[in-house]
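Copied over from Swiss-Prot, here are the features:
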type	residues	note
CARBOHYD	N134	N-linked glycosylation site
CARBOHYD	N391	N-linked glycosylation site
TRANSMEM	23-43	transmembrane segment
TRANSMEM	203-223	transmembrane segment
TRANSMEM	237-259	transmembrane segment
TRANSMEM	282-302	transmembrane segment
TRANSMEM	334-354	transmembrane segment
TRANSMEM	415-435	transmembrane segment
TRANSMEM	464-484	transmembrane segment
TRANSMEM	565-585	transmembrane segment
TRANSMEM	594-614	transmembrane segment
Amino acid sequence: MGCFESKPDQQVQPVTVRSPTDIFWLVLYVVFWIALIVIAVFSFIYGNPLRIINGYDSFGNTCGVRSNDKFSNFPLSGMNTEDKPYLFFLDIKELRHTLKICVKECPQRELLNAAELYRYYEDRKTKLCRYDFNMSMLQTQEANQGAKYFDFNGPCPPFPVYQSAPVLHRCIPTGVNAPLQQVKKMYALINSWEATQQVFSDLYKAWPTIVLICALSLVFSIVMIALLHWLATIVSWLICIIVVVASVGITGVLWWSYYKAKHTLDTDQQLSYLEELVRNEATIYVLAIAATCIMIILLVVIYYLREKLTGLAALFEEAGKCMLQLPGLAGPPLLAFLALSVFLAFWVVVVVCLATANYPGVKPLLPLAQLEDSASIANDPKLKPELAGKNDTSFKSFKLVEYHDVNVLRHMLWIYIIGLIWTSEFIFACQQLAIAGAVAFWYFRKPTDSPVLLAIAKLVKYHLGSVAKGSLIITIFKIPRLILTYLYAKLKRHQQEGSECASCCLRCCICSFWLLEKFIRYLNHNAYTVIAIEGVNFCPAAKIAWNALVTNALQVATINGIGDFVLFLGKLAVASICGLISILLLRDNPDLHFYMAPVIIITVFAFFIAHIILSLYEMVVDTLFLCVCEDRTINGNSGRWKESNLARLLGEAPEEDAVEAPMQEVQLTPITKQPFSAQFLQAEMENSKA
């Protein structure tokens, strides 16, 4: 890729006329997105999360839906089931083979014979027989004396019909006479669904809450920016207090939620058969322990950094001064927020459809109705169901629908996971390059036109390829990091059993974490500052930025690191508050299989949004430090850095007068040790206007 080449250091000449950088990587990114769109189209065709959430009957109708697909040769398909949101199994003793229908409500009382079934239909207007069955047939003497209407194949359920309650839109017997073994089998049937389907169907069900809390995270992030700007002298302490309170709050709520979940399972033995509730309890327990550990670590770190927090006032004041003179800096974060919101919404919809992708198939035909060739199943009010004889050619057969998974599309989830990381990093990188370019132009040259618009124009016109390459490199090293995280959890269990091999692998895993973290940190957004100023490719820019920072005082890196840590605490505070709100809103929602899945997604999305907004300050600070490092190295005490508050962080007293210190114009931007000439500056300005 160019980043890994071992060559002697060469002076990188600044370009006088910019040209597009890293074009190949932009083409690769566009091709990747074309593949994502193609996969999305197929997911929309085959995916339907409501089939998992509400269930579907034996004729292919999804319960609780106004419009269902009409299949040829399936007479009872394509029905309007909007008023029938619950799935009812006619015979709970034959769950895998019995007829399933959508009903208005689950049976509210136990029904023992045909007369009670008809009376229930008259009282509750709830039909517990097949859609085409004439319920008046239950009043005949033949219906009360015979069992031919009451079978697992239908048209009506065999007796007794137990009192039931909806569990995840399925009617589960709850009456005192309900057979325990059959109830366990029904819960086992629900538990047999893939966990991935359940998780993504929960995301689909909770999308209004996800959107609401993500919008709140934007508001909280803007409030945090306002605090950084107007309360710079005490904002470090204020953020620490907020994050401590938020971490204590979410830890307390998690432990309280775990207590309630455990108490519910202990008091209602039947609920313990549902794996989703058990999984919720286990997940809350793990998250509560993790939140407790994080809270303790935060308290310890904040305690030991308390003396250094006061010195950050100068850092945030200087960043605030830059933002005050460049109000347009608020533009890139808002654009990035909109782009990320649209992408995350698109991503969630597609992965939900991918996880629920299936296609209709035909179950073994069940001869359920005696029909004339001209008869209509759906509209013949005199229909009298009879079980067909084996050799009777006047009988037609019902074709029952069963959906089968599209395994090829399921595997496409991995491509979308890569797409989530790469596209998110791409959006972050675009924002960072635009901000870095604007701040660098402001620091070195103070152009009369808008530096923000100039930086955005250069990004779109020249540097999208470099952004695509930089975000891909980070993605390549983040994916193994996720894999190693999974291996860490597995190997830790074997290490406790005394496995030397697992212990060795665990050490290698930790070492890999460290190396990957260092490499990703090396490819930080300082490279985008160099790209914005010099117009070079990503890898040379990363090398230049690294050398510029390494050759300067350790104190600069320390203060910069503490400043980034405080901003990270701000992002963590926003994510914690949003996670706390989501737990309170979703934990009592009966329609969710695994409510902790939306909570985790909301927390991650809130952190992403806070990262976009608060990275404005982070990028301004890091860019100013990079500019100050080069300014100090080349211009010494005559550099502009002497007049800023950052001089205190370098152990110097800032200039008291407001007169700008004399500077040599040809040495204003010497990041490559090749100072820009006046002719180059003039050409750059003309190029930006072109």
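Cβ atoms here come from the backbone N, Cα and C positions, even for glycine.
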(message) Against the transmembrane segment (594-614), which of these stretches has the most C-beta pairs under 8 Å: 203-223, 282-302, 415-435, 464-484?
(response) 203-223
(request) Using a Cβ distance cut-off of under 8 Å, indicate which of 23-43, 203-223, 565-585 has the most pairs with the transmembrane segment (237-259). (result) 565-585
(message) If contact means at least 3 Cβ pairs within less than 8 Å, sequence distance 6 or more, would you call the transmembrane segment (565-585) and the transmembrane segment (415-435) in contact?
(response) no
(message) Out of 203-223, 282-302, 464-484, what stretch is closest in contact terms to the transmembrane segment (23-43), meaning most Cβ pairs under 8 angstroms?
(response) 464-484
(message) I need to check the long-range neighbours of the transmembrane segment (464-484): which residues 6 or more away from its ends have a CB within less than 8 Å of a CB in the stretch?
(response) 1, 3, 20-26, 28-29, 418, 421-422, 425-426, 428-430, 433, 509, 512-513, 516, 519-520, 523, 527-528, 531, 537-539, 541-542
